[in-house]
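J.: I'd like to ask some things about the structure below.
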Amino acid sequence: MRGLSSSDVKSKKSLIYPIAIAGIVGLSLLSGAILNAFSGKDNLSTDGLCPILPIKAPVSFLKDNSTVLSILHDKEFREKSAEKLAKAVQVDTVVFDSPPEPDENPEYWTKFLKFHQYLRDTFPTVHSTLKLDKVNTYGLVFTWEGTNPDLKPIMLTAHQDVVPVQQDSLGKWTHPPFEGYYDGEYLFGRGSCDCKNVLTAIMESLELLIAQDFKPERTVIAAFGMDEESGGLVGARHIGEFLEERYGVDGIYAIIDEGFPFSLEPQSGVFMATPLVSEKGMATIKSQLQTPGGHSSMPPDHTSIGMISELVYLLENNPFEPLLTSKNPTLNMLQCVATHFGDKLPPSYREAILKADYDTKSNQIVVDALQKDVATRYFIRTSQAVDIIKGGEKANALPEAVTLTVNHRIALESSIKEIVDRFMKYAKIVAVKYNLGLNLEGTPVIDSEGKFGILDVTLDGSKLEPVEPSPSDDTVWEYLAGVSRHLMHDLIKPDLEYDFVVTPMVMQANTDTARYHHLTKSIFRYSPSLGQMINFHSIDERLEFDAHLHLIAFFFEYLQTIDTPDAENQKL
């Protein structure tokens, strides 16, 4: 999962409990003015909002549920599963930004040969039963051909690569990042949460189904890219093209990729599931300011570093405006809370949530509450992060070139064009003030003789527009939600005293699914499980192992449940 910084993941509530939104805005952030904004009368209709869909389980669960119960409760299975994930973590598959194509630099990718050997050794029946295609040399596509060609294939996906470990942080790890240490409760290491856990859970579920002599009607695809953390241009992009050629546009039933686990709203103690049905867009803008050099004893009033710093000042002091509309699944999620757990909210705030899609005053109350916490504000606002600035070589030499890199995660209602236009607005202010030339993608915007410098603005090639949300009112969603409720009510928490709610949500980061939008309209970034994923991309990345077993159980049950023509998609 790319795009979330370590500061985003150090708090469990920001990622492990994304539904903390409800508690944060519903209870902690409400001022007296907000509480008194409405009469508090609870007479709003919630008809049609957030329906509770029926539990769906495979026929095998009623006949013989011993396998899925052993996944969750058998000590020997747990130990063997932990060993499999630990061995995956032990293989260093770090990928840095802008990796080369395999044919351009084969040596860069040879580490993945060791990982592929690990997969062959650990999951032999998957390799002997499913067809394996290697896409762009190191991308893996396993295909389990179904017996019914009329059923669209289901695609499960994860990525083989992991982010680097900062060398100056090695001494701060409790256990070495590539040791795969397991203490009986947590499994530590780079990739334990992001996302070798998902990859091995998919493979384990396939091994179990093969062992049960399962013969799928619906073709099953397991696709694993190798550069998700750097944009997926080398791996997922080629896999997407490969699968489009095989199955055509919209030829896939659904895609499930890494995402959020089940969530616990901390104030009320209510569990919910939030499959991520859309992604914010992404745009990285790079600026290079070139100015005349010279000796530091005779500097201009403003060096290139000073001028680029003024651009940073303008950008950071003029943040993007928040916007909450019905296009954003965040509103749907909040309305689910208000519909089913309204007694956990102040009545006036519940009323504001339920009216937020058509009443301006109510909408502003919800927006203001979401904006008060960094964990929630960017669900409804474009983010910008000044991530890299480089310039200068020596204390007594004026900097001749300074580069600035700003990353944006684009709100669903916005676009790449809006982000670029805003950036150029402030770049023009700086350029005019200091008599600089200004270019956008090599095209002059402000002509200048270049006496005082040239500011070149470019857009990184891995840009992505915001993603239209996947439907949550069709059969594909019904089966995803139904099996999720089966996992929670029948297997993880059979004593749960309230209906487990499944509601769509938006993802603030991006995954390889950004390269698969043409394959299906039903894409879910979702890791259905109950447990903590702590510090991915950071020191002491670790996974509460119960969550890994839940994920294996979900894939095992889900693939069987959708293996029927009844699951073929239609609007509910």
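In case you wondered, yes, glycine gets a Cβ from its N, Cα and C as well.
Any TrEMBL annotation is an automated prediction that lacks curation.
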J.: According to TrEMBL, Asp194, His537 bind Zn(2+) 1; so which of Glu217, Glu229, Glu568 is the extra one listed there?
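T.: Site partner of Asp194, His537 for Zn(2+) 1, according to TrEMBL: Glu229.
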J.: Have a look through Asp92, Asp97, Asp103, Asp257 and flag the one TrEMBL assigns to the Zn(2+) 2 site that His159, Asp194 belong to.
T.: Asp257
J.: Between the Cα atoms of His159 (Zn(2+) 2 binding site) and Glu228 (active site, proton acceptor), find the distance and write it as a whole number of Å.
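T.: A Cα-Cα distance of 6 Å.
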J.: Other Cβ atoms within 10 Å is the metric here; tell me which of the recorded positions Asp161, Asp194, Glu228, Glu229, Asp257 scores highest.
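T.: That would be Glu228, with the most Cβ atoms nearby.
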J.: Give me the CA-CA distance between Glu228 (active site, proton acceptor) and Asp194 (Zn(2+) 2 binding site), in Å, as a whole number.
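T.: Asp194 (Zn(2+) 2 binding site) has its Cα 10 Å from the Cα of Glu228 (active site, proton acceptor).
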J.: Taking the center of the Cβ atoms of His159, Asp194, Asp257 at the recorded Zn(2+) 2 site, which other residues in this chain have a Cβ no more than 8 Å from that point?
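T.: Apart from His159, Asp194, Asp257, the close residues are Met1, Thr157, Ala158, Cys195, Val198, Leu199, Glu228, Glu258, Thr511, Asp512.
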J.: Which has the fewest other CB atoms in a 10 Å radius around its CB: His159, His537, the listed binding-site residues?
T.: His537
J.: What's the CA to CA span in angstrom from Asp257 (Zn(2+) 2 binding site) over to Asp161 (active site)?
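T.: Between the Cα atoms of Asp257 (Zn(2+) 2 binding site) and Asp161 (active site), the distance comes to 14 Å.
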J.: In angstrom units, rounded to an integer, how far apart are the Cα atoms of Asp194 (Zn(2+) 2 binding site) and His537 (Zn(2+) 1 binding site)?
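T.: Each residue's Cα considered, Asp194 (Zn(2+) 2 binding site) and His537 (Zn(2+) 1 binding site) end up 8 Å apart.
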